[in-house]
């Protein structure tokens, strides 16, 4: 038993978002290093004991010794040092390569970082009802947010030479030649020690230089060897840190150190307090290393690696015989959780517990295509883009199933994708149906599973089938008392309450013998107990046709679960626990479906509020769910404009992959973009962008004229859903968007009709000047004050419309306190939009056509979202606008589909980002260059 020595707290590695090199979405993007208050829950920096004392010291009393380490034979960059008001120097601005990031396992240290922050943008536009903050447009190349690090002017405390028999390096030193070969960075010539600069001042920006290295040490009677795992002393009241010892050395000043490669508990990562889905014994290996005085070691640990191909039995045996175990690495870039490499000596497990009786020929045929399930699909933009992108990389990805509650959106998807099983129902009912379906398949002996048979359908064997056939063949002439209905065929299946009698359950749609389709009814399964053969026929037919997916059937699940509970429109948002808000429950439903089906890959999309609201509550929660289900995961934010659209539209995309798969990378931007939104500060480093300083050859940014200038003139009351093109395409974008499904230029234009404004609004729009920046402020009777707020001009009589209503409505004057210029605003050809929204009313947004007296048409909005012109929408006009506004931008989905295909083929690299082929998406197949960041 080791003695009760009181040791000093050690360096705390930074975790969660962390910091990284400045990045560029176009030419330059803001440095993501952020100032964070001492009492916030934001990620904190490491702190290291400065010298050995007889009593434990608090974190604030310790000082930092940040080291440069080597991992995977990559050159590392030493962290800079921030000035901290508590008197503690802490690593910051770590290099973007994962080996050199500084991170903190505990998020609760008190520290105040002094950083100089220049404004993100020149000016912020007035707020409106859009779903994301709108910022004055500018080229991101001119965006220069400087987040400079102020080095400490104080001499940081350093570990001092202490004689202590309880704590010493043991044995003979490692031979000098061997040590210099293994740790060359510790033996740089010209440096007398690693704690002093050449002018004699403390220089924490330098590595600690070594006199010699050792292979073991003795602390409190325990012998520690290289590669041993250990608890490391934390500040009072905090859990001790967990590390792997990778280096023992004596510094040139005589001090004794060990180098810790850190493990993170789930709560030490970006997941933070949402670790309820993750085993307490499970930790995550980082690539971050720090030097610590030898006296920080507390006790040895047994931490066991679990390879990605281990069986469940192997895992259980490991977990019961260790202090901790790890099966993933946690890397700061893009909040990545990545599986350990497979161990060829470990028993291999299968990801699916379902086996079927499909013959080998059918299996071979099924493997020709990869199946996708689109949840909360809307009109299908996300899955359409994913399939287009995957197909361009040689993977036949097909949307086999789609689920959405909006009937019109389902009709649109069904029209454009006749190969897809489109289900118009709640996602929660879909999940319940899947659970019933697998029981039906077990009852019909179609699959072998630990799942029990369906309670309303006994397992049918051949004897029972013969008896049922005999019964059905007996045409009795007995008189019947009243009319008897006979089931001719079962047509559909659902879970819910289709009869609207408050009796939810499993229902079949029945075609009755002797009656037509108009007499079809939904009947509960317990009401069909007399015709098990009909049920079996339906289930067997549905199984063969992939009517519904079973666990292991799905290759990709994609979707954007709605989270209205975090929307800026919701004034009653629950900031303390957003998951208690029923409006956010669809996130749980989405993850429950993933948990049931166990797809190979997961891609979840959502608005930026996922990481903005309540300190990123839902984003952290979603990552925790994925990691808790043993999925690899990473999270990034992508701007639609960076992939060739005239809108900014930043969205969050979260990838998941089974431990046996390659985790997909994020595709780097292909275009310059006009910044029209605000990126959440804490997760700014999750933005998919280029590092500053890279020589880029991106395509130029797109404007409204590039997307819309070839479209035919239409009036406010345009009635046609289809019309021919009248002009030739005038840009590369227009050439590409007009291509048909067959790759040939299309001839018919769909949905080029606007929301018909009422007579009053139309007359207002007609009086808005046809010039850039025009809006209601240009109408008579409106005056703009020096503070940019509007007021009535007392010298002008208020103008009335023929209806008697005012030309300038009161709501326009009072919108955003009179500071907004958006009501009845006219767009212009050389502008972009912040984001395409779900409505077209001009009362509080700039949506009037540059030269025509109407709002943008459905098709014009669809083009701004990247929909091909051949994609026809179904439903009332307002419903079609809603389908377009709710969609994922097709070019972004296409780029992500290309990345998915690379992972499916096993071609994805280890880095979080990669470059798309030149001229993507109209490219010829070529290799992709991985970007190491």
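Including glycine, each Cβ sits where the backbone N, Cα and C put it.
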Range annotated as region 'Disordered' in TrEMBL, from 148-171, 172-195: 148-171
Residues flagged as region 'Disordered' in TrEMBL, choosing from 435-458, 459-482, 483-506: 459-482
Cβ-Cβ neighbours of residue 563 (active site) (radius 10 Å): 24
DSSP state at residue 563 (active site), helix/strand/coil: coil
Secondary structure tally of the domain 'Chromo' (485-538) (DSSP, helix then strand then coil): 13 helix, 22 strand, 19 coil
